[in-house]
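Noted in Swiss-Prot for the protein shown:
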- 1-21: signal peptide (SIGNAL)
- CYS130-CYS136: disulfide bond (DISULFID)
- 193-215: transmembrane segment (TRANSMEM)
- CYS207-CYS328: disulfide bond (DISULFID)
- 235-257: transmembrane segment (TRANSMEM)
- 269-291: transmembrane segment (TRANSMEM)
- 318-340: transmembrane segment (TRANSMEM)
- 347-369: transmembrane segment (TRANSMEM)
- 384-401: transmembrane segment (TRANSMEM)
- 408-425: transmembrane segment (TRANSMEM)
- 440-462: transmembrane segment (TRANSMEM)
- 451-593: domain 'Thioredoxin' (DOMAIN)
- CYS508-CYS511: disulfide bond (DISULFID)
Amino acid sequence: MRALLTFFVAGLLVLSSPAMALFGNNQNSSFASGSNDFVPVDQAFPFNYFQQDHRITLDWQVKEGYYLYQQRLSFSAENVVLGDIQMENGQPYRDEFFGDVNIYTNPLFVNIPMQDWQPGAKLIVQYQGCAKAGFCYPPETRVIDITSFTNGDMAPATMPTQTANPLDTSTPQPLTQQDQLASGLADNWWTPLLFLALGVGLAFTPCVLPMYPILTSIVLGSGKLSQRRALGLSLVYVQGMALTYTLLGLVVASAGLQFQAAMQHPYVLIGLSILFVTLALSMFGVYTLQLPSSVQTWLNNLSNKQQGGSSAGVFAMGAISGLVCSPCTTAPLSGALLYVAQSGDLLTGGVALYALAMGMGIPLILVAVFGNKLLPKAGGWMDRVKTLFGFVLLAAPIFLLERILPEMWSTALWSALGIAAFGWLYHVKNSLEFGGWKQSAVGIIAVLGLFASAQPALNYWFTDSSQQTQTSEVSFIKIRNVEELQQQLALAKQAKKPVMLDFYADWCVACKEFEKYTFHDPAVAAQLKQFVLLQADVTRNQAQDIELLQAQQVLGLPTIDFWDAQGNPVSNARLTGFMQAAPFLEHIQRISN
């Protein structure tokens, strides 16, 4: 069904959703036994450093089959000032749960210049990695004492090894795991072309297209101009608009980390979803979205002071117009800014938004040079295009909420959107300007789309109700520390029930795979009813989390421990790494029996 919706949402969603990537999907890997085949973190990522006067070099020798997250690298200091950090960019990697991130599978060297040393100077380094087989280590912190030095040149040091083009950052700004698009596209030369194409598409939205003839007359002013003069003025106007967009991109990119951190919070995802739904309602004619009258008056007065036909006045008008977003451009522009924020790259942010503005300005240039004859005639088709963009905007919140909603609900939302969109298409087919085979083709597409959209919901409704109940009844008792674990083990012993303890963290890919593919399998869910199910969420890696991990001798996640009905740990039953539903079911059956 999503394939049928792709042409509705491709342009917007390429920008506004961090699109499922990097870390690697390990759902096909499994461990038939509970043995721990993973090495300690210091063997997986041997860490060394050496200081040479006012420079320090950090060195990770990444073991084969393991990788470090770029977005989990962070550097801070006490009693010393860090200069420009130079490090190579990681390799793009895709994961269905966390989106696009970068990883390091080869030795990594980071050079950090320093200045203004004071007694007690320290460098705090944080990092985290995983095994490709589906096993993640908790975040690691190393505190390095900085010896005294004399201030020197703060220019970035030369990399000891050259395996890729270095990525310069004024402050340590690793990319987040969110990610939708930033890591995957930032290094590709065609990124500006993508934004240019998006800008052209935005120019032909119903909120923007009718304004071009009016805008052209304002830009060119009174009097007849040569094509060369008209071309020059329209280019100047577009450059003014592009300047505003470019500055906006630079500002957002410079605050990339703040945007990245905020975008991971469920409240932010819900807020953005409400915003997109609100914008969609305006496209359906529920209300009229426009700037407050006071702002409109101020912008109009400011624009009227500029003289059409003069380069300076036209440039100023273009810069002012870049501050105004119509209902048709607000959501795509928000998506573009989201992409820029995720990249955290000033060059990427500036070039991408400049290309977007240039794309939006191409129709204006054509109209200024060749006249209105190049524009399609206004008519009822524009209202239908406006409604179509309403469905596009409704698709955006579903992509955002998929990250926090159960799969059942996200599937239901996709089905509902598809049924509504293709139902509307079938409803309006008879009012199209053309008839004959073209109208019939639209009707066939609408009917096929309706069936395809309804299929996921029908599959759920006709699934055996007992299986649905089994899936929904899998729930865990949350524990936070060693004391709570001991209390729950004592209660389970009194009830003469075996215990399963699942160590979980939001940054653990395989933990989410366990939750989606294994625990919610109907047969597994039924068997787990015989257990007391405990779960320790160690996402925040606080002191009590570390104490619990050490008490259970947990190297990394996922890790699942078992106790029998007498309260004794089951030897050789520990699971580390992802396991598919079928072998996991056999494993817990052996324990429960």
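Cβ coordinates come from backbone N, Cα and C, glycine included.
Feature map: annotations from Swiss-Prot on the structure.
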residue: CYS130; record: disulfide bond; CB count, 10 Å: 26
residue: CYS136; record: disulfide bond; CB count, 10 Å: 23
residue: CYS508; record: disulfide bond; CB count, 10 Å: 26
residue: CYS511; record: disulfide bond; CB count, 10 Å: 25
CYS508 (disulfide bond) sits from CYS130 (disulfide bond) (Cα to Cα, rounded, in Å) at a distance of 9
With the greatest number of Cβ pairs under 8 Å to the transmembrane segment (384-401), the stretch among 269-291, 347-369, 440-462 is 269-291
Taking only the CA atoms, the spacing between CYS508 (disulfide bond) and CYS136 (disulfide bond), expressed in whole angstrom, is 6
Taking only the CA atoms, the spacing between CYS511 (disulfide bond) and CYS136 (disulfide bond), expressed in whole angstrom, is 9
Across the domain 'Thioredoxin' (451-593), the model's average pLDDT, rounded to a whole number, is 85
DSSP says CYS136 (disulfide bond), in three-state terms, is strand
DSSP composition of the domain 'Thioredoxin' (451-593), residue counts helix/strand/coil, works out to 72 helix, 24 strand, 47 coil
